[in-house]
Every structure is written in structure tokens, then in C-alpha cells.
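Visitor: Quick one: structure below, then a few questions.
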Amino acid sequence: MVSTATRLGGFAFDNCLMNAAGVWCMTTEELEAVKDSAAGTFVTKTATLAYREGNPEPRYRNLPLGSINSMGLPNQGLDYYMDYLLELQGSEPERTFILSLVGLSPDETHEILKKVEASDFKGLIELNLSCPNVPGKPQIAYDFEATETILREVFSYFTKPLGIKLPPYFDIVHFDQATAIFNQFPIVFVNCVNSIGNGLYIEDEQVVIKPKGGFGGLGGEYIKPTALANVHAFYQRLKPEIQIVGTGGVLTGRDAFEHILCGASMVQIGTALQKEGPAIFERITAELQALMAEKGYETIEDFRGKLQTIRD
Ligand code: DHB
């Protein structure tokens with residue numbers, strides 16, 4: 001029997017596929033749909049302390065090879081997601097879910113994390129260091145000094161299982177420098193990757209989304225090779241206690257297989273979920289199981305991280 005079950009941060013999940021933050025996770029209705037699909041768990045839309053309307057529309061577009069977005073962190077605010085997650089702890093105590101969050105400033109991030117620390121929430125937390133779409137706010141994770149400072153401050157008081165969502169890096173030195181920071185902390189996972197920030201898509205001599213003059217984060221097929229490179233680079237470098245979540249360009253079971261081969265313990269689906277809806281989890285799970293059966297693998301641990309290089 002082929003199983004796609006996995007473990008992350010000490011918790012067990014019956015499937016290694018789930019949504020990526022930002023897709024099908026804004027409201028409890030959307031979160032319920034992912035929860036009740038074949039997905040192993042869900043992550044919420046990245047929550048700020050208060051409700052945010054986000055950027056003006058159109059702010060998301062499906063493209064032939066993926067998507068472009070500049071949503072601007074629209075979300076219901078921390079309490080909305082916390083209330084729902086606490087309710088689920090009562091009704092589905094055997095399952096674990098993920099809360100994504102970030103503040104609009106370091107102070108706000110600490111205020112949010114202190115509320116989560118003081119709460120009864122028992123799941124995983126994903127701190128988003130890679131939101132590219134709030135005008136005037138650079139991505140934290142492209143500023144290594146700011147990243148190290150915030151992580152040092154966070155781990156001075158935060159004791160719950162915390163992972164971080166990263167943007168793609170494009171230079172080997174940056175993989176090394178980022179790893180030197182992350183390995184200092186009790187981070188339970190790094191999630192590679194958020195969208196490739198600030199792409200531009202043109203149609204009829206015009207941009208296709210309104211915010212930021214058309215600049216937006218790219219997802220989907222465009223980004224799979226970059227995502228796989230980031231998953232594998234961090235898998236090779238991080239201390240073994242830090243697991244990898246693979247996100248970017250997953251449309252098929254083979255794409256999910258490749259993320260796991262690069263070292264991912266969990267695989268998230270963003271653009272393809274937006275295009276296809278939560279029934280996608282059943283399709284990709286079946287495709288992944290069929291590929292594993294064909295290759296004689298029974299669990300994802302049979303091939304996770306076992307990417308082969310070319311020898312002389
Ligand atoms: C948004 C986009 C992101 O890629 C992210 O990590 C957080 C928020 C957004 O525009 O809403």
C-alpha cells in the first residue's frame with residue numbers, strides 16, 4: 001500500500017499535500033473546503049493584527065503558465081483565524097493546522113506572536129518573512145540583518161512550533177548566508193518558496209493587475225525550477241532538525257514528487273489550487289501515489305531528499 005503521509009514539527013499528517021498560504025484560505029468557508037478535501041491540513045491566509053482590505057482590484061490574474069498577484073495582505077485579522085483554529089481543536093483534536101502570520105512592523109509581529117504564545121493554540125505557526133506586495137514595505141527575508149534581528153527577538157519569548165516562509169533566493173552565497181542565520185534558531189521548518197516577487201505581465205500594451213503599476217508576485221509553472229533549487233539548497237545546508245516545506249509550480253503528482261526528491265516533507269499548492277479548486281488534492285494525491293507505486297516506493301521517506309547528481 002502506497003502512503004503519502006508525512007510528519008512536520010512532530011505532528012502527523014495523513015497526506016503531504018496542502019494549500020499554500022494565500023489560496024483558498026481567506027475565510028472559514030474556504031478553509032473548511034480545504035480541510036474536508038484530500039489535503040493533509042491547511043494554512044490560513046497570512047494574518048495581520050487587524051482586518052485588511054488589501055490592494056485595489058484587479059489584483060490577481062491567472063496566466064497561461066501561472067499567475068501574478070499583488071493582493072496587499074487582505075485578511076480577516078488574527079482573532080478571526082485564531083477563533084476558528086481554537087474551535088477546530090475541539091471538533092478535530094487529532095488534526096493539526098497551520099496559522100500564517102506577520103505584522104506590518106516588527107512591533108506588530110511581536111504583538112501577534114505574543115498573543116499566539118499566550119493562547120491555547122496547539123498547532124504550527126508559519127511566520128511569513130516574504131510578503132512582496134505591501135507598497136513601501138520591503139520583504140524582510142531579503143534583508144539578512146533584519147531577519148536575524150527579528151528571529152533573535154522572537155525566540156527570546158516564543159516557545160511554540162514555528163516555521164518561516166521564505167522568498168526565493170538566486171545566489172549560492174545567499175543560500176549560505178541565510179542558512180547561517182536559520183541554523184542558530186529552533187525553527188521547525190522553512191517553507192520554500194513564496195512567489196517570485198515583482199514580475200510584470202503585459203497584454204494589449206497594458207499591465208494586467210492594478211496595484212504597483214502592474215508589478216506582482218509570480219506563481220505556477222514559471223517558478224518550479226526556482227522553487228526546487230531553493231528546497232534542495234536549504235535541504236543540503238540546514239541542520240537536520242529544520243524540515244523543508246516545498247511550494248512552487250506544483251500542478252501534477254510528478255511536480256510534488258520532485259519537491260519531495262529535493263527534500264520537502266510537505267508540499268503546498270498555490271496557483272494550481274486557485275485554478276482548479278480543492279478537488280485538485282485528490283487528483284495530485286492519486287498521481288503521486290501512482291508514480292510512487294511505479295517506482296516501488298511505499299512512503300515518501302523512501303525517496304525524500306534522494307535527488308541524484310551526475311557523476312563522472
Ligand atoms: C501577499 C502576498 C504574498 O506573497 C505573501 O506572502 C503575503 C501576502 C499579498 O499580497 O496579500
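Heads up, the Cβ atoms here are built off N, Cα and C, so glycines get one too.
For reference, TrEMBL lists these features for the protein:
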ACT_SITE  Cys131  active site, nucleophile
BINDING   Lys45, Asn69, Ser70, Met71, Gly72, Leu73, Asn128, Asn194, Ser195  substrate binding site
BINDING   Lys45, Thr46, Asn128, Lys165, Val193, Gly220, Gly248, Gly249, Gly270, Thr271  FMN binding site
DOMAIN    5-292  domain 'Dihydroorotate dehydrogenase catalytic'
Visitor: Taking just the CA atoms, what is the gap between Gly248 (FMN binding site) and Ser195 (substrate binding site) in Å?
Guide: 8
Visitor: Which recorded positions out of Gly72, Cys131, Val193, Gly270 lie by ligand 1, going by a Cβ under 6 Å?
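Guide: What lies within reach of ligand 1, judged by Cβ under 6 Å, is Gly72, Cys131.
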Visitor: Which of these recorded positions is closest to Ser70 (substrate binding site) if you go by CA atoms: Cys131, Val193, Gly270?
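Guide: Result: the closest of the recorded positions to Ser70 (substrate binding site) is Cys131.
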Visitor: Determine the minimum-neighbour residue: among Gly72, Gly270, listed as binding-site residues, which Cβ has the fewest other Cβ atoms within 10 angstroms?
Guide: Gly72
Visitor: Within 8 Å of the Cβ centroid of the substrate site residues Lys45, Asn69, Ser70, Met71, Gly72, Leu73, Asn128, Asn194, Ser195, which other residues of the same chain have their Cβ?
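Guide: Here the non-site neighbours turn out to be Gly22, Thr46, Cys131, Pro132, Asn133, Gly217.
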Visitor: Ser70, Asn128, Ser195: which of these binding-site residues has the highest Cβ count within 10 Å of its own Cβ?
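Guide: That would be Ser195, with the most Cβ atoms nearby.
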Visitor: According to DSSP, folded down to helix, strand and coil, what is Asn128 (substrate binding site)?
Guide: strand
Visitor: Over the residue list Lys45, Thr46, Asn128, Lys165, Val193, Gly220, Gly248, Gly249, Gly270, Thr271, recorded for FMN, what is the maximum interresidue Cα distance in Å?
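Guide: Greatest Cα separation within the listed binding residues comes to 20 Å.
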Visitor: I need the CA-to-CA distance for Asn128 (substrate binding site) versus Gly270 (FMN binding site), whole Å please.
Guide: 15
Visitor: Average pLDDT across the domain 'Dihydroorotate dehydrogenase catalytic' (5-292)?
Guide: 98
Visitor: Within the chain of Cys131 (active site, nucleophile), which residues six or more apart in sequence place their C-beta under 8 angstroms from its C-beta?
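Guide: Result: Thr46, Leu73, Val102, Lys137, Gln139, Asn194.
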Visitor: Between the Cα atoms of Val193 (FMN binding site) and Lys45 (substrate binding site), find the distance and write it as a whole number of Å.
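Guide: With the alpha carbons as reference points, the distance is 15 Å.
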